[in-house]
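In what follows, a single structure is set out as structure tokens and then discussed.
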Amino acid sequence: MFSSISFLAILLATTFLRSEAQLNSTFYSSTCPNVSNIVQGVIQQALQSDPRIGASLIRLHFHDCFVQGCDASILLDNNGTIQSEKDAAPNTNSTRGFNVVDNIKTAVESSCPGVVSCADILALSAEASVSMAGGPSWNVLLGRRDSRTANQAGANNSIPAPFEILSNLTAKFSAVGLNTTDLVALSGAHTFGRAQCRLFSNRLYNFSGTGNPDPTLNTTYLATLRQICPQNGSGFTVTNLDPTTLDTFDNNYFSNLQNNQGLLQSDQELLSTSGAPTISIVNLFSSNQSAFFASFVQSMINMGNISPLTGTSGEIRSNCRQVN
């Protein structure tokens, strides 16, 4: 009798721990019921002067989740004990939108102080940015807490790079529990936003040390890109990731790949790698926007579930840039 009661107690305890660690869409329904509206309001205002801010915000969430989980570690500034992820190669002079996150945090704190994590603000900002650009909307799972540490080395090693081959990209996604469909769907976020010339100029002039352009690049598109990014020009000039509908979230990204108009090598690899399992997914998403949207939503939820801090782990930062 005693042993069965003990077993029941252990079972209940583990069930409670598991449910406590699980994110859910109603996490703030009583403590900060307006949080989604507050996030949307600040982003709406930011979009009026910066049409690319939505893409920048979703990228922050992405670069956060791939490094020690979705814990807002990317938002921490340098201090005596923290080497900021902002200074890692994939982020330095590249990630942006931190001021908008600060503005969201300020607005949320004035409405419900000490309640909403910076990690959840990044997740909510990503959803709002997509839906405001014409993409799908979804119920964001919430309940993450903020890390007290950053991982600059992790950011250097774990974040997928724009000039990586497909097998490397797949390995980096697999390392955080994401599969091939997640890779293709999340790459579809490149349907809006901009990229710097330095991230793809090797494709225009000296691909893989050949002294020639990337043979998978559409020649008309190549000529256009060479005008935007001359060989000795600034590597920090930006151009649209999607040359067709630049600030709209749609499935044109995949049609662009079919026309050999993927801007980054990591984009075009999805379709141009011979025999790759990504090819059929690209073709499906190109022909069926609803299928892309449904997969994108599921993949965003999957990504948002990467190793969140929950329960009593971490903290709720009052300033997203520094630990309490």
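Placement of Cβ uses the backbone N, Cα and C atoms for every residue, glycine included.
TrEMBL lists a disulfide bond between C70 and one candidate from C32, C65; that candidate is C65.
For C320, the disulfide partner named by TrEMBL among C118, C197, C229 is C118. Rounded to a whole value, the Cα-Cα separation of E85 (Ca(2+) 1 binding site) and C32 (disulfide bond) is 29 Å. Applying an 8 A CB threshold to same-chain residues 6+ apart, the list for C70 (disulfide bond) reads H61, D64, A119, L122, A123, R144, M303, G304, N305, I306, S307, P308. Put simply, H63 is the one of the recorded positions H63, C65, D71, S73, C118 whose Cα lies nearest to the Cα of C229 (disulfide bond). Considering only the disulfide-bonded residues C32, C65, C112, C118, the residues lying within 10 A of D71 (Ca(2+) 1 binding site) on a C-alpha to C-alpha basis are C65, C118. Listed in sequence order, I228, C229, G233, S234, G235, F236, T237, V238, T239 are the same-chain residues six or more apart from C197 (disulfide bond) with CB atoms under 8 A from its CB. Between the disulfide-bonded residues C32, C112, C118, the minimum number of other C-beta atoms within 10 Å of a residue's C-beta occurs at C112.
Checking the recorded positions (C65, V67, S73) against C320 (disulfide bond) with a 10 Å Cα-Cα cut-off leaves S73.
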